[in-house]
Amino acid sequence: MRRFRLVGFLSSLVLAAGAALTGAATAQAAQPAAADGYVALGDSYSSGVGAGSYISSSGDCKRSTKAHPYLWAAAHSPSTFDFTACSGARTGDVLSGQLGPLSSGTGLVSISIGGNDAGFADTMTTCVLQSESSCLSRIATAEAYVDSTLPGKLDGVYSAISDKAPNAHVVVIGYPRFYKLGTTCIGLSETKRTAINKASDHLNTVLAQRAAAHGFTFGDVRTTFTGHELCSGSPWLHSVNWLNIGESYHPTAAGQSGGYLPVLNGAA
């Protein structure tokens, strides 16, 4: 902000200058505050399930200090940071319980949502424990939901975000492909792995389309996770963990910092 030094010997000039400064101050006071708060919405891929270092006050939402929203906020120091993403969240949960911090002062919103609506957890359980035909059938059911029902649910969430945070830049974060193909992978056939990856692509396509329709940016993490899928030499995803089943198929801390954070940095 410029500083003005008033030099004058005539009272009329002093008064005129004072009036000018008063007008300028009034104009400045009328300007809205900058929108530079950050709100992180979504499901377990945003809250950081699988990354560890969970914030105790987040309870079952399992928000991690190693999750990409937390890492981004630590690096960029937004004026405010509200972390409402929650493990297990569906679109309805975002609408009912996560949008409170959004306002005209929100400058950035990130969100990953849709996987739970499409039945991701049940699909993966079916593919791991049941036959190839059962796996493919369950994937087909999930894809049909993604085509027929999910777009409307995403539109409801995205419209609500725009209404509550009209000045925000919104980044819709996608999901990785889960398996490296062409390698030996215990427990899952190549056919199952291929179908699961295609289902992830299918979901990402719909997410990107609906994001674009609302003027949002889509953050595609499939490229950053290439070479770090399950059955690769250095996976950034947890495989099935029977001792902590909730972390299965979720990004590790390295997946959050190396797979998700660069995408958010580039899109924000």
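For all residues, glycine too, the Cβ spot is worked out from N, Cα and C.
A disulfide bond in Swiss-Prot ties Cys127 to one cysteine from Cys86, Cys135, and that cysteine is Cys135. Of all the recorded positions listed here (Ser44, Cys127, Cys135, Cys185), Ser44 has the Cα closest to the Cα of Cys86 (disulfide bond). Following the DSSP three-state reduction, the secondary structure of Cys185 (disulfide bond) is coil. Note on the disulfide-bonded residues Cys86, Cys135, Cys231: the fewest other CB atoms within 10 A surround the CB of Cys231.
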